[in-house]
Amino acid sequence: MKVLSKNSVMEFVKKTAILWVMIILILILSVISPSFFRGQNLLNIIKQASITGVIGVGMTFVLITGGIDLSVGSVMALSGTMAASVAVAEKNMPIALVILVGVGLGALCGLINGIGVSYIGFPPFIMTLGMMTIARGIPLVFTNGTPIFGLSEEFNMIANSRVLGVPSLVIFLVITVLAGHIILSKTVLGRRIYAVGGNEDAARLSGVSTAKVKLFVYVFCGILSGIAGILICSRITSGNGTVAEGYEMNAISAAVIGGVSMTGGSGNVLGMVVGAMILTIIQNSFDIMGVNSFYQNIIKGIIILLAVFLDLRGKKKKN
Amino acid sequence: MKKKMLAVAVCVSMCMMAFAGCTSESGGGSDKKAEQTEGKKEESGKVFMTVSNQQNEFMVGMAENFKEVGEAAGYEVQLMDADLDATKQVSQIETAISENAEAILVEPCSVDGLTTGLKEAHDAGIPVFVIHNNVSATDLVTSLIHVDVRQGGELKMEQVIKDCGEDAKIAIMTGTLGQDTTNQICGGYDAVLEKYPNVEVVFEGAGNWGATDAAPLAENWLASGKEIDAIVCNNDGMALGVVSVLKSAGKSEQIKVYGLDATNEGLKAVDSGEMAATIYVDSKAEIEKAFEMLEDLKAGKKVDAEYKVPSVLVTKENVKEYMK
């Protein structure tokens, strides 16, 4: 009995290693800079991690199938900018329609990615690289490079309001993460997603429609990119074709730090959220401490490598 | 096994420390005391500045000026770099607010994108000085302080026409499209070009403020084989990229290059004749004005909602005055 509980503690610590890394990081930073550990600042951090977290959920799904989606940042720009331009097209434009346009465009991009990967046979890297470039170009052409502003109060409220004192961005994060976590851990679809990433041939032979599963993850990732696009444009109260440049890399970094394997088959959404938090904590604390932002890149890179190193070592031991 | 147990013990103790940290920070009288002393410390004043980027000499120079001027005025200064991401800049303004900043200087990377952060600062009663670029939410900021780059654009284009004639064939390399500084400078160009209908604008393209994008763009222009008398760039960073392209193409003699900002490297290039002219943009004067206004505010005086620092044309004749 005693041995069993010890083992389960070990297992728990191992499973949640990245969480402890974050807690230790928070502790160290709180000592170095007392103003870091303040309620408002901690809330700021969660808020600032929200957008990365939302796209990170979609990215986690794609990565677990062994794929990758490089188009996330561009699809955000496309969805957000087009939603913004619909929002200003007419007075009293219903906000539901605006959201539908943004999310719909995201879903469409995801659908094209999914068809390209599942049914045509493009490698995910190539397919989404193409989509990344296309989806970046469209809003720039459409707006001729100039930002759209004068958005309605309703639109700006999406990311900048509070519900019972909680910033709306955080609510979006929580809902997305919960949904993602439930799909992955509690549904048949979730098990199939892991199966496709673990061993695609085996999954196919056991009757899983691997093409459909892959199509789903790209569409899901596209939808979340669409939502994130609306969020980012709402947060900066303007639509701009240049927003979210490089955000796909933030999402990939968050997922990888959180233990999602680039070769597919393992990882989960909760780890990714911790990864996103760690990235934001570095940014936030360096800003507070006045460390040159160039160092942030170096530290981020080291943390990514370190996280994957721990992951690799853990796997070797298991085998 | 022992090792493993040790590892567990370490982890558990760390976790306990974490919770201990949480509880002692989040409640109790000692916490309040700590905050009060902190509050007192902050009265001596911490001024934050968030800049759009640190990717060229001019912006690095502005950051240095901020630190120098701020410290000389007796403030603790802290610089943040938004890396050309408006979302990040909003977050940085929020960070400064939660740090009870005495004032926030913002060199915005977006005209319309920062409203959320500016509103929060406004609601928190923290003075915000917008430096160098504009924002649309002017009612939320204390003052806009910027060099009159539109006038700089006019001065420069006048010089281009003086150098290359009223039927010059010119290429215009702009900063990032949609940015206010780009629009301002190009507005200055346009105002002059309207007066000279025979000047032909052969190319117009965005070099995004740096040599990285400027060099390939200039190469492509040269490759077109079209005749160009002058390449007029929105800043020195791009102009220097163009200079190196012209050098390697052996066209330095035929094509004149114009910049803006008067960075050290830009001034050297004007001095050596590689660049025909630049515009002196005094970022130090902008920062000094911001701290001057902050003092005025503390003394209960009102400050202007906008202040323009005049710009100056720098050619080979007067370049020595500006070189350090």
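Any Cβ shown, glycine's included, is placed from N, Cα and C.
A TrEMBL annotation is a machine prediction, not a hand-curated record.
Under 8 Å from some Cβ of the transmembrane segment (A:17-37) lie the Cβ atoms of residues 257-259, 271, 274-275, 277-278, 281, 284-285, 288-289, 307, 310, 314, all in the same chain and six or more residues away from its ends. Under the heading transmembrane segment, TrEMBL lists A:17-37 (among others).
Residues or ranges marked as transmembrane segment by TrEMBL: A:49-66 (among others).
For the transmembrane segment (A:96-120), the list of distant contacts is 67, 69, 71, 75-76, 78-80, 82-84, 86-87, 127-128, 130-131, 135, 155, 158, 210-212, 214-227, 229-230: same-chain residues at least six beyond its ends, Cβ to Cβ under 8 Å. Residues or ranges marked as transmembrane segment in TrEMBL: A:96-120 (among others).
Annotation source TrEMBL lists transmembrane segment at A:126-151 (among others).
Annotation comment: TrEMBL describes A:163-184 (among others) as transmembrane segment. Within the same chain, residues 43, 46-47, 49-51, 53-54, 57-58, 60-61, 64, 157, 190, 193-194, 224, 227, 231, 235, 268-270, 273 sit at least 6 positions outside the transmembrane segment (A:163-184) and bring their C-beta atoms closer than 8 Å to a C-beta of that stretch.
Per TrEMBL, transmembrane segment is recorded for A:215-233 (among others).
The transmembrane segment annotation in TrEMBL covers A:254-282 (among others).
Among residues of the same chain six or more beyond the transmembrane segment (A:294-312), those with a C-beta under 8 A of the stretch's C-beta atoms are 17-18, 21, 253, 256-259, 261, 275, 278-279, 282-283, 286. If you look up TrEMBL, you'll see A:294-312 (among others) marked as transmembrane segment.
Counting residues 6+ beyond its ends, the transmembrane segment (A:126-151) has Cβ neighbours under 8 Å at 68-71, 73-75, 77-78, 81-82, 84-85, 87-88, 109, 112-113, 116-117, 233-234, 237-242, 248 in the same chain. Same-chain neighbours of the transmembrane segment (A:215-233): 50-51, 54-55, 57-59, 61-62, 64-65, 67, 69, 71-72, 75-81, 83-84, 98-99, 102-111, 113-115, 117-119, 151, 155, 158-159, 169, 172, 176, 189, 193, 239-240, 243-244, 247, counting only residues six or more beyond its ends whose CB sits under 8 Å from a CB of the stretch.
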